[in-house]
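Here the structure is laid out as structure tokens; the discussion comes afterwards.
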């Protein structure tokens, strides 16, 4: 048995790291341990975003997580699906169906830093109906302010260029009247520190660097059960990912901060099963198209060794707005986009951009992840079965989004292909499976602090806590909620508070 800790955090991604940091800021006397199932890819800076590394160093690390990648160009979304570098599909795709049933694009990252070691770093604030009324507006604003400071959110990640000026002018021409009174189109808020060499992208290392007391991370350690008696967690049981050795770690509180699939999996395996566990699984349907922008390319020569996502060209967005724009739009020159587009062979000096439109989805209880105890995984955790699909209204919104991006591509210059709806799960933005609520009525898994209903000291953090239909990237929201969870845990343990069930 390991030495006891005050708080054990399961998962080292942006949410788990933010919980740990907030606890240390408020109650530095509390001991906090982060446990991560995957390996440490960047030992010199655990949890660093691998986009900060040269391409030659980055690829072996990504392959270490996801395995060998397909040879040759694979346009993203082509079936059968292959996991993008640094991720692993929840299930192998057989290429059947239209890609919208069962979330075939769903994937996860098992490494120190979680998905935060590979992400594109978009951190816009949600607005309107995207925000849950479980929290008041002042509570949201306070949490967002802390989250933005942790992630180093900025709209000045890239210097202005002729290409970015042309894109932004076109966006404002198309959307200025439509978004009157709402947030305008503009530079995308990104999690990074601008430098003369380009942005330094935020990872878990960035978040934890601000902790007043170092937070240890134990990698290669799979948590297979939370030990609890009468709603009170006493610690966790772990399995060494390499040797299979089992160990128990006593803890006064446990925070489950995995993704929206594996967090409910662990709760289920631990016998912690609120009625809504795994239900209301919510992805963001994603429509993409490519366009050539009518502006001369200034810097045509690009170092072949450079990551094309990291050259200074800019990322713009068209915000979600209730009643006016039911989508979250991203316009990213291909060097900044995580999606690979097919580009024809003809020579064209115009910059190529990718348009990615994220849609709000009908949130339904029947969209869910359920667990099969009879078919456990390699570590003994229950098998995962995803039940998920689009409604008629979702498909109508997809058709509308396709028309919108096609028209915008024409306004920018030239559309290069037909708009495409990516397979469900491709956004990697799935939410809702451990959703928060105001009351324990069977429709949510936790309260507004992340404490799981029916428990004294088990908390959840991450995208899965978000209960609403959202279009914008969820990381900032997840970190904001994680900040509140850290505050609640610190207050409960440091203050000796025992909350009633």
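Yeah, the Cβs are placed from backbone N, Cα and C, and that goes for glycine too.
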Per Swiss-Prot, member of 36, 48, 396, 404 binding FAD alongside 109, 111, 115, 120, 122, 223, 463, 475
36
Of 74-106, 140-172, the range Swiss-Prot labels region 'Disordered':
74-106
Where does residue 223 (FAD binding site) sit in the DSSP three-state scheme?
strand
C-alpha spacing of residue 429 (active site, proton acceptor) relative to residue 120 (FAD binding site), in angstrom:
12
Count the other Cβ atoms sitting within 10 Å of the Cβ of residue 475 (FAD binding site), across every protein chain shown.
27
Same-chain residues six or more away whose CB lies under 8 A from the CB of residue 429 (active site, proton acceptor)?
283, 284, 358, 463, 470, 473, 474
Once the chains shown are all counted, how many other Cβ atoms turn up within 10 Å of the Cβ of residue 111 (FAD binding site)?
31
Residue 36 (FAD binding site), Cβ-centred 10 Å count of other Cβ atoms over all protein chains shown, is 29
